[in-house]
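Note sheet for the following structure.
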Amino acid sequence: MLEIFASALSDILTFQHIGYMMIGVLVGLMIGVFPGLGGIAGLSLVLPFLYGLDTTSALAMLIGLIAVIPTSDTFASVLMGIPGSSASQATVLDGFPMAKNGEAARALAAAFSASLVGGIIGAVILTGFVLVARPVILSFSSAELFMLSVFGLSMVGVLAGKSLVKGLAACGVGLVIGSIGGAPATGEFRMVYGVDYLYDGIPLVIIGLGLFAVPEIVDLMRRDRSIAGNTGLGAGWFSGLRDVARNWWLTLRCSSIGAIIGAIPGLGGTVVDWIAYGHAVQSTKDNPRFGQGDVRGVIAPESANNAKEGGGLLPTLLFGIPGSGAMAVFLGGMVLLGIQPGPSMVGTNLDLTYTIVWSLALANVLGAGLCILLAVPISRLTLIPFKLLAPFMIVVICFASFQATRIIEDMVALLVLGVLGIYMRRFGWPRPALLIGFVLATQAETYLYQAVQFYGWEFLTRTGVMIIIGLTLGSIWLGVRSKASSSSREELLAEEPAHAPGLAENIRARAPQLAFAGLMLVGFVLAVQDALKQSFLGQVFPLVMASAGGLFTLGVIAFLAFGRVNTPAAVDAESGIGTDEDPPERSMLASLFWLAALVALTAIFGFFIALIVFFIAFLQFRARASLLMTALLTTGAAGFVLTLAYSLNMRFPGGLLQDLYRLPWPFS
Amino acid sequence: MTDITRFTRRAALGVAAMAAATLALPGAAQAEYDFSGQTVEWIIPFGTGGGSDTWARFNAPFLSRHLPGNPTVAVVNEPGGGSTRGTNLFAARAQADGLTILGTSGSTQFPYLLGDPRVRYEYQDWSVVMVGPTGGVAYTSPSTGISSVEEIADLQGQRLTYASQGATSLDLVPMLAFRLLGLDVNYVFGFGGRGDGRLAFERGETNIDYQTSSAFINNVTPLVEEGTAIPLMSWGVLDEEGNPQRDPTFPDLPILEEVYEMVHGEAPSGDLYEAYKAFNTAGFAAQKMVVLPTGASDELVEVYRQAWRDVFADPEYQATVTDALGEYGQVTDAAAEALFRAGTNIGDSVRQMVVDMLQDEYNVRLGD
């Protein structure tokens, strides 16, 4: 054993190894900063250089690349409220409010040092875990995976905010959206309505961007100030480092959660950050300010998502099953290098496995260290007047949205989900609850069906399942307790007190909220109607979920119609009900119009021409920038997007023009 | 693993043919097509990191090296719709100027053969320039009570369980094979890949499974050695006349045709077997194809085939191909043509039989 450690260490601690790793880290950093571009894009950049390298150097480069991406995507999550990848969606919840409070540098420093610690702890856990990983991974059958999805879903209780019934309804919306596309048990297509795009279901990236980034961008455009407002940069990065030190126990717990959940194939890295975030919320007793910029809401997901990459290595190396997109890329790279995953990775190739695991830890240190250094200069972005930043951000989220499939439908889906996100934000429907439902819809359905097929309903009596049921109940209890301490019973259940205002008065005051809830109800009815057309195995999941979601929505409607004046179910940011924010000055539609304009222009002229027209129009008519400024910013944006697309061999989505004429790149 | 010579020999023949071609047409084709300074887009209708992507990215630098003018060969991923989206895009947009080529896989061939409504491409319009075969091996668990393929008859009448990615995926091939052998298999769907299926087998949830060749060698051979898996048969390979032969990677394993004879006492025939043959070829023997779009001139096809012949003769390619792609040699010219034909054609009655079977037994509706 010791000689294996020694041989792995001597492989890693060479100038050459660290040098190549540094190249990977730098490339990953440049790519990862840009939302929507992850390991996948990074691989195509590094790949040409892999040829002719020896195996360890090439591996070092690959590992450097994938290690830094869940770290660097934090920049966009914290500074702009754009979830850079599925790994940092939960970071947005508190990271972006911190940036808006002028604490961007502190949030970033805390995030990066949490990442660093997470990466190292992940590697430490893995060092021992590798040896027993095969039997442990094999003990997680479809039954345990189903219960783990239920455990994930139970986080809705924690993430629902003040009104539980709204959280459950939002989760139902997520579950229904997640069941669009092929049914796992039968392959029949649900709710596709003949639209090719829906056959594959809606990509997670677009749900994240639509729900979190679009509403924030629209809101900021309506306020016309910089992201940090008038508060300046405030507390520096040193306090961020202190935050992690002070919350070392939380960091340690979340890192372990990340490493272990990441190692279980099938659950995927997509829920890790939410589970860690939910854990932080339910276990924090002193003075929680989650959702308004609590640094613990940044530390928890960030320490988990770096540890997760290490965990994700195990199923990739031992079974050839990549747990995430980045791991799929890594697996592809390994195969190109002639390394085949399999049991030999804990046998004859054990030293290679340790080289990989420890390289990941080292790469995390290098990557997070670089990011900490960059945190202060990059956080100055939040001081730029938003009207100049807005066109960049709109282009960036559109660019990120079509990374999945590179077609205009991605942008249309972004727009539609963006509108949904805007109204959910306005009426206080918890967006994280929708996201959890969406992420776990397919997994919950698939594993339940498989568990019943393999074990019958007795699967519920399996030891592993019972343990996870216990964990779930414990987590619900913790959540209820932390909620009960911070809110009254009436608030939690949105109970109706004796002296309620009249129905007519409520309807008058809450018409927009009622209309939105009514629309959600229509959505559930459509889902039920579609489910009834499917075979039994194809319909049972969406039918149950949509019916439950519909019932909860009816509950929301009932609270809105009959509830007392300040029932937590009633929130309307536009009229200041149930929120601390001032209603913004400009109209929502005017701001949304600009995003819609870019989508419409793309549909006609293709993305690249649309980008130029959009930039000029926005800067001239909305930002009222000078001609010189307009020219400079437009050229800068076009040049940047062009360089990026060129180096990634990427095509832009085309429009009508491209259907009619064959144009040279980048217009094609 | 000894018989790779068959393909190497083919490569050698290729070199000879190349020499002949160069003598016959002194640079005629090359002169007309010079891709200097240009970019050839190699459309891969799958995402980054998967099998097809890895295959293309391995081949791309060699193709670039041996095409006239050494163009940049860029792999362009266009995933979606189970590979139908990128392929439709290629069918609708690609010009026959040699600057756009398509790499397909079994998952592109299957919807086409089954008449999936999302398919808006026609293989017969395209020209094949290269085919990359692969293979697969079916195996079972000793818990079924059998200890070798000779006892396969004992599997009949047992309730077997198989972890499937879906009835229209490559798992259709084992489904048809098990049906031919009269096995009663319960298919549990919704698995993300063959790796997940193998995990279910290792957990004892399923007792019959198949893996592609390289996954079998790396992950199942250790199980065979410790006695927890019993190899049954390979899907075989096709010889130049299109007849099924034992897979050179697994010379000791019978192919389905042999096992069928063991079970039924006669050679397989009929619509079900025809269906198996068509989908087996489309899914394995002719799994990966490189095609040129509609209207490609004979010269252009020759330029590309020449490039592939040169790739196959490249010593660096020969030194690395097995590690990256496995034991199966890639082919061009007549061999590719034959595999292409066998893998993209199916009789109407055979297709209808499979579509009806999928619809009646697995609720797969392809018509609407």
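Placement of Cβ uses the backbone N, Cα and C atoms for every residue, glycine included.
Annotated in TrEMBL:
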TRANSMEM  A:18-37  transmembrane segment
DOMAIN    A:19-435  domain 'DUF112'
TRANSMEM  A:49-69  transmembrane segment
TRANSMEM  A:108-131  transmembrane segment
TRANSMEM  A:137-160  transmembrane segment
TRANSMEM  A:167-185  transmembrane segment
TRANSMEM  A:197-218  transmembrane segment
TRANSMEM  A:352-376  transmembrane segment
TRANSMEM  A:428-447  transmembrane segment
TRANSMEM  A:459-480  transmembrane segment
TRANSMEM  A:511-528  transmembrane segment
TRANSMEM  A:540-562  transmembrane segment
TRANSMEM  A:626-648  transmembrane segment
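Contacts between the transmembrane segment (A:352-376) and the transmembrane segment (A:626-648): absent, as fewer than 3 C-beta pairs lie under 8 angstroms at sequence separation of six or more. Counted over residue pairs 6 or more apart, the CB atoms of the transmembrane segment (A:428-447) and the transmembrane segment (A:459-480) come under 8 Å in fewer than three pairs, which marks the two as apart. Through the fold, the transmembrane segment (A:511-528) approaches residues 169, 172-173, 176, 179, 191, 423, 427, 429, 542-543, 545-547, 549-550, 553-554, 556-557, 560-561, 570-572, 574 of its own chain, all at least 6 residues removed from its boundaries and within a Cβ separation under 8 Å. Remark: the transmembrane segment (A:540-562) contacts the transmembrane segment (A:167-185), by the rule of 3 or more CB pairs under 8 A.
Here the transmembrane segment (A:197-218) has long-range neighbours at 35-36, 80-83, 85-86, 89, 92, 96, 177-178, 180-182, 189, 191, 270, 390, 393-394, 397, 400-401, 403-405, 407, 409-410, 413-422, 424-425, 431, 434-435, 438-439, 442, 588, 591-592, 595, meaning same-chain residues at least 6 beyond its ends whose C-beta is under 8 angstroms from one of its own. Mean predicted confidence for the domain 'DUF112' (A:19-435): the pLDDT average there is 86.
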